[in-house]
Ligand SMILES: Nc1ncnc2c1ncn2[C@@H]1O[C@H](COP(=O)(O)OP(=O)(O)O)[C@@H](O)[C@H]1O
Ligand SMILES: Cc1cn([C@H]2C[C@H](O)[C@@H](COP(=O)(O)O)O2)c(=O)[nH]c1=O
Ligand SMILES: [Zn+2]
C-alpha cells in the first residue's frame, strides 16, 4: 500500500461525552488498517479507566497508549511512527509551547490526531487547545446531548463542589449541558 497521507493535523474537540475519544480511536484504527504505523499518547495525570490504555466512556473502544507529561516527550518515542494520536491534549504540558513540537512533527510528515476539551467546567478555553485549533488542517467540533433538555451540549458542568481546574472524572463528577441549561443551573437565569 502507498502511504501518501502525510503531515496533517486533525483535531476533535467539544465537551465531555461528545465522542472525541471514540473518534480518535476509530481514526487511528482506520490508519492501522491502511498500513500506517501509529502510536497513541495521553497525559500521565489521566489515570481514569486504565493507566496503559485510552478507553472511551462506554468502554467499547480501547487502545494501548504511552503516558507522557510534556509534548516534547513525543519526539523521543515517535521517530519511526507515521500517525500520532494524543488524547486529553488540554492536559499535556509543554516547555516551549505546544506548536513548536507539533509543527516539527508535521514537517517530518507525521500526521497528528488530537482529542481535547475546548473549555473547562467554567467555560474558560484551555490554552493549548486555543493554540492548535486555528492551525489544524481539520477541526471537528462534537456535541454530547444536554442531560437536561436534549439539545446539543456546550459545556461539561461539574456537579461536585471541587474548585480546582483539573479534576479527573466522568459522569460521577460532570454532566454535559447546553449553554441555556448551564446558565440556568449555575446562575438561576
Ligand atoms: N449525555 C451524553 N451525550 C452523548 N453521549 C453520551 C452521553 N452520556 C454518555 N454518553 C456516551 O459517551 C460516548 C462518548 O464517549 P467518548 O468518546 O469517550 O467521549 P469524550 O472523549 O468526548 O468524552 C457516547 O458515544 C455515548 O455512548
Ligand atoms: C471540564 C473539565 C474536565 N476535566 C477532566 C475530567 C475528565 O477526566 C477529562 C475530560 O475527559 P473527556 O474524555 O473529555 O470526557 O478532563 C477537568 O479536569 N477539568 C474540567 O474543567
Ligand atoms: Zn439544555
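Note: Cβ is positioned from N, Cα and C throughout, glycine not excepted.
Whatever TrEMBL says is automated annotation, not expert-curated.
Small disclaimer: the values here were computed from a predicted structure and weren't measured.
Annotation source TrEMBL lists active site, proton acceptor at 88. Summarising the annotation, TrEMBL assigns ATP binding site to 14, 15, 16, 17, 18, 19, 20, 21, 87, 88, 89, 90. Residues or ranges marked as Zn(2+) binding site by TrEMBL: 146, 149, 178, 181. Look at TrEMBL and you will find 166, 167, 168, 169, 174 tagged as substrate binding site.
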Around the Cβ of residue 174 (substrate binding site), the count of other Cβ atoms that are within 10 Å: 21
Residue with minimal Cβ packing [other Cβ atoms within 10 Å] among the binding-site residues 149, 178, 181: 149
Cβ under 6 Å from ligand 2: qualifying binding-site residues of 14, 18, 89, 169, 178, 181: 169
Per-residue Cβ crowding (10 Å cut-off), top of recorded positions 87, 88: 87
Extra residues within 8 Å (Cβ to Cβ centroid of 146, 149, 178, 181), Zn(2+): 147, 148, 150, 151, 153, 177, 179, 180, 182
Greatest C-beta neighbour count within 10 angstroms, which of the binding-site residues 14, 169: 14
Number of Cβ atoms other than its own within 10 Å, given for residue 168 (substrate binding site): 12
Residues among the binding-site residues 14, 16, 20, 89, 169 that border ligand 3 - Cβ under 6 angstroms, in sequence order: none
